[in-house]
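Undergrad: Next up is a structure, given as structure tokens.
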């Protein structure tokens with residue numbers, strides 16, 4: 001017995017693992033989650049639980065674990081049914097995103113821009129840039145160590161936004177752009193792209209990585225500073241022009257003074273075009289139904305600015321109580337589908353309204369509405385009181 005134990009101990013001591021043993025030890029760390037499709041349905045759950053890629057490749061929802069373990073798919077038909085449900089759920093999330101941006105995000109962005117005395121360009125490089133790229137920023141940071149072409153993806157995304165999205169906007173709603181600010185934005189975009197391409201194509205030591213990041217960050221910071229300085233100088237120029245006009249109006253009227261006033265009025269009108277974000281009525285946009293052929297030029301309706309003072313006080317009645325109709329306004333705001341929109345909608349639009357109905361109720365209870373185009377600027381006393389309680393409570397419970 002002792003001799004047998006001695007032989008076993010010696011064999012264990014002189015055991016040397018080879019490369020194949022090391023590969024088996026790291027199998028669950030290196031195997032792709034897509035390999036689960038090659039296993040029978042009964043064995044997929046065990047594989048998904050052990051594979052590291054199945055648990056770390058998805059940021060929020062572990063789809064493979066749901067299919068293999070929680071939903072316990074036993075055949076291809078069930079798997080396709082559940083995948084179709086996942087696609088429908090993603091489409092519902094997309095509908096919620098579109099509705100939130102159109103109804104809540106865009107009007108709030110206009111209100112904040114006017115409150116901060118921003119013009120369209122300054123609001124675009126600060127508020128819009130942070131709002132649109134914050135999700136991509138976290139996604140890119142999560143993909144840094146996975147050998148994903150992050151830089152190429154960002155360039156292709158920017159190219160798509162500039163060409164396709166920008167081209168559609170110019171076609172649907174033609175507008176005049178400020179030549180100076182447009183050229184300035186394009187030059188900064190080219191500078192940042194060339195810098196990133198140079199840093200990516202040339203290999204530097206690790207000590208220069210922080211320096212490269214600081215250089216690119218300084219380009220964006222200088223871009224914001226130039227935009228802020230441009231808005232400040234524009235406002236100073238407008239104030240100076242108005243002071244000159246007031247000084248000429250105080251003098252005796254002569255043909256020379258009249259010509260100077262006309263010139264100053266022309267300059268003031270030109271400067272005032274980009275001084276602030278202009279809020280227009282939605283009914284003043286282009287009428288798509290009046291287009292008969294895609295090659296014809298669209299018929300533009302006149303641009304009408306929103307009278308913020310009128311929309312704020314149009315329902316004000318000093319003879320009534322402040323809480324008059326508070327419950328009526330609350331239940332009207334909770335309507336998922338408005339009767340007028342349902343009557344005017346076609347079959348496809350009615351289907352979209354039905355799909356959007358849950359999103360309307362959720363967003364109404366969760367997000368406060370601020371819109372200068374609506375009555376009382378979207379103020380609803382009872383609903384906003386509920387928003388103050390529901391919004392932070394759900395936000396803390398979900399994200400923390």
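Placed from the backbone N, Cα and C atoms, the Cβ positions cover glycine too.
Note that TrEMBL annotation is computational and uncurated.
This is the feature table in TrEMBL:
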- 81-105: transmembrane segment (TRANSMEM)
- 88-227: domain 'Sodium/calcium exchanger membrane region' (DOMAIN)
- 155-174: transmembrane segment (TRANSMEM)
- 186-205: transmembrane segment (TRANSMEM)
- 211-234: transmembrane segment (TRANSMEM)
- 351-370: transmembrane segment (TRANSMEM)
Undergrad: When only pairs 6 or more apart in sequence are counted, do the transmembrane segment (81-105) and the transmembrane segment (211-234) reach 3 or more Cβ pairs under 8 Å?
TA: no
Undergrad: Please count the residues of the domain 'Sodium/calcium exchanger membrane region' (88-227) that DSSP assigns to helix (H, G, I), strand (E, B) and coil.
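TA: Across the domain 'Sodium/calcium exchanger membrane region' (88-227), DSSP assigns the residues as follows: 122 helix, 0 strand, 18 coil.
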Undergrad: As a test: from 155-174, 211-234, 351-370, pick the stretch that has the greatest number of Cβ pairs under 8 Å with the transmembrane segment (186-205).
TA: 211-234
Undergrad: Looking only at residues six or more beyond either end of the transmembrane segment (351-370), which have a C-beta under 8 A from one in the stretch?
TA: 91-92, 95-96, 99-100, 103-104, 107-108, 111, 333-337, 341-342, 345, 377-378, 380, 383-384, 386-388, 390-391, 394
